Amino acid sequence: MVRHQPLQYYEPQLCLSCLTGIYGCRWKRYQRSHDDTTPWERLWFLLLVCTFSLTLTWLYFWWGVHNDYDEFNWYLYNRMGYWSDWSVPILVTSAAAFTYIAGLLVLALCHIAVGQQLNLHWIHKMGLVVILASTVVAMSAVAQLWEDEWEVLLISLQGTAPFLHIGALVAITALSWIVAGQFARAERSSSQLTILCTFFAVVFTFYLIPLTISSPCIMEKKDLGPKPALIGHRGAPMLAPEHTVMSFRKALEQRLYGLQADITISLDGVPFLMHDTTLRRTTNVEHLFPELARRPAAMLNWTVLQRLNAGQWFLKTDPFWTASSLSPSDHREVQNQSICSLAELLELAKGNASLLLNLRDPPRDHPYRGSFLNVTLEAVLRSGFPQHQVMWLFNRQRPLVRKMAPGFQQTSGSKEAIANLRKGHIQKLNLRYTQVSHQELRDYASWNLSVNLYTVNAPWLFSLLWCAGVPSVTSDNSHTLSRVPSPLWIMPPDEYCLMWVTADLISFSLIIGIFVLQKWRLGGIRSYNPEQIMLSAAVRRTSRDVSIMKEKLIFSEISDGVEVSDELSVCSDSSYDTYANANSTATPVGPRNAGSRAKTVTEQSGH
């Protein structure tokens with residue numbers, strides 16, 4: 001009777017098992033392989049890198065446009081007919097997808113670092129394709145439907161590029177450990193040269209990126225202009241329902257420079273404040289008068305409009321995620337808000353703030369279609385509100401407006417040639433923050449034209465515009481921006497130059513050190529060991545050399561351990577092949593103790 005014990009025993013490799021198991025479901029030792037990665041799996045790795053780049057760009061873009069989330073929701077409301085905050089779910093989904101892809105990429109890089117064969121599991125491949133397709137569709141949709149918003153990406157880079165550059169240097173320096181390992185393992189000089197040239201071309205490209213960075217916040221502190229004046233967009237819509245008395249009062253409590261309002265005229269000729277064409281979003285008209293829900297707000301009498309509640313929607317939809325922060329008294333006050341008339345706003349703001357007024361055209365069959373401008377002007381003049389504090393944005397019949405109210409600040413909402421602006425006696429421009437460059441701001445200032453930019457909610461954007469010298473901004477988030485004491489960062493050019501040159505030198509020194517260390521660690525390794533000879537779960541091409549090497553390792557351990565029979569002591573090349581084929585599914589396992597040799601014990605009874 002013959003009893004056999006295992007030829008070898010290997011210690012468990014939990015980290016390696018988790019690495020290959022999570023990435024390719026290769027949890028067992030015999031499933032892992034140090035063979036070269038197949039071309040197909042290399043293609044999947046390339047696809048993984050591309051997906052990572054796209055999801056990173058998309059996530060950064062979606063974070064960058066958080067200043068315009070309300071605008072995005074408003075756009076979808078006009079398309080879909082009901083209000084919902086889509087921005088946060090998209091942000092959460094994008095972050096989750098990026099985290100998943102980043103995790104797969106880290107696992108793949110770890111495979112390369114330890115010399116394991118890449119074999120992405122089919123479930124991960126499906127997830128990769130779904131995320132890639134979804135990201136491409138999302139980016140294409142934004143490019144077609146929200147094209148101007150891509151300019152926000154470039155604007156945000158003016159504020160973040162100096163710091164993203166430092167992060168990129170950290171990443172490329174860490175990646176050099178893997179590249180240096182591949183360089184050290186490469187046996188051909190041509191392969192080493194290719195790896196070296198390609199990697200350092202990328203590295204030096206990263207080092208020179210700061211030469212292309214231009215930011216208004218890279219400036220001398222003494223050149224920083226005054227803080228931009230703040231204009232409350234429809235009051236303070238993050239603290240109270242927009243276009244209500246409470247909203248304007250909250251804005252005035254912050255001592256803002258001005259208030260912005262959209263003026264509509266009722267069926268019986270009363271100017272009131274409303275941004276939407278209908279009343280569905282900002283009132284309870286669907287509950288109180290369902291038959292009037294889709295009728296234009298301008299086609300209702302003021303007596304009907306006064307009966308509507310203009311505050312409950314704010315608590316229900318919570319458009320800015322701020323309703324929970326209201327005090328109990330503010331919560332009760334919000335529930336009792338009604339539509340605000342122009343006369344109420346004029347009385348509230350008189351002597352306290354300037355007004356940026358925009359008129360909305362009534363429907364074609366409105367009785368005041370031809371005279372709504374005169375009615376509005378008369379209401380402003382009758383209130384006694386100081387004319388020099390009114391910024392008049394409505395672009396039609398400006399000669400009539402200048403005649404009736406010569407003190408108004410004529411404000412244009414479009415970019416035009418300077419000759420046309422002067423011809424129209426334009427004193428101020430009201431533009432979206434993506435429509436004007438730093439150089440254009442300087443040009444307008446030299447022409448004695450003041451510029452107001454809308455809608456600026458994020459502190460980073462406010463800081464960037466502050467450094468650029470913007471005179472004033474319109475904001476939903478005035479209560480936060482009013483407390484910003486200075487730009488989030490400002491750096492003299494000399495200090496910035498010193499910072500990025502120092503960072504480049506440190507990175508380069510570390511990379512050289514890593515290459516030297518990896519060459520010293522791995523450059524002399526040319527022999528096989530039992531840990532590096534494993535069978536792959538995938539079908540591989542047969543290799544006579546590998547089979548013979550396995551047999552040599554096994555029989556060298558047998559000869560060192562105990563005596564064996566003559567039948568096993570002499571092996572020809574053909575016996576190697578026969579034995580290898582018979583044991584093609586067996587994998588040796590590592591030593592029980594580090595540095596110990598595997599032992600074989602063969603006991604034969606009757607001999």
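The backbone N, Cα and C atoms fix where each Cβ goes, and this holds for glycine too.
The shown structure was predicted, so the numbers you read here are calculated from the model rather than taken from an experiment.
Judged by membrane topology as recorded in Swiss-Prot, F183 sits across the membrane from P367. Look at the topological domain 'Cytoplasmic' (182-192): DSSP puts its residues at 8 helix, 0 strand, 3 coil.
When each of 43-63, 126-146, 161-181, 193-213, 497-517 is checked for Cβ pairs under 8 Å to the transmembrane segment (90-110), 43-63 comes out on top. In the three-state DSSP classification, C15 (disulfide bond) falls within a helix. Taken residue by residue, the topological domain 'Extracellular' (64-89) breaks down under DSSP into 20 helix, 0 strand, 6 coil. Taking C15, C18, C25, N301, N448 as the recorded positions under consideration, the smallest Cα distance to N352 (N-linked glycosylation site) is found for N448. Following the DSSP three-state reduction, the secondary structure of N448 (N-linked glycosylation site) is coil.
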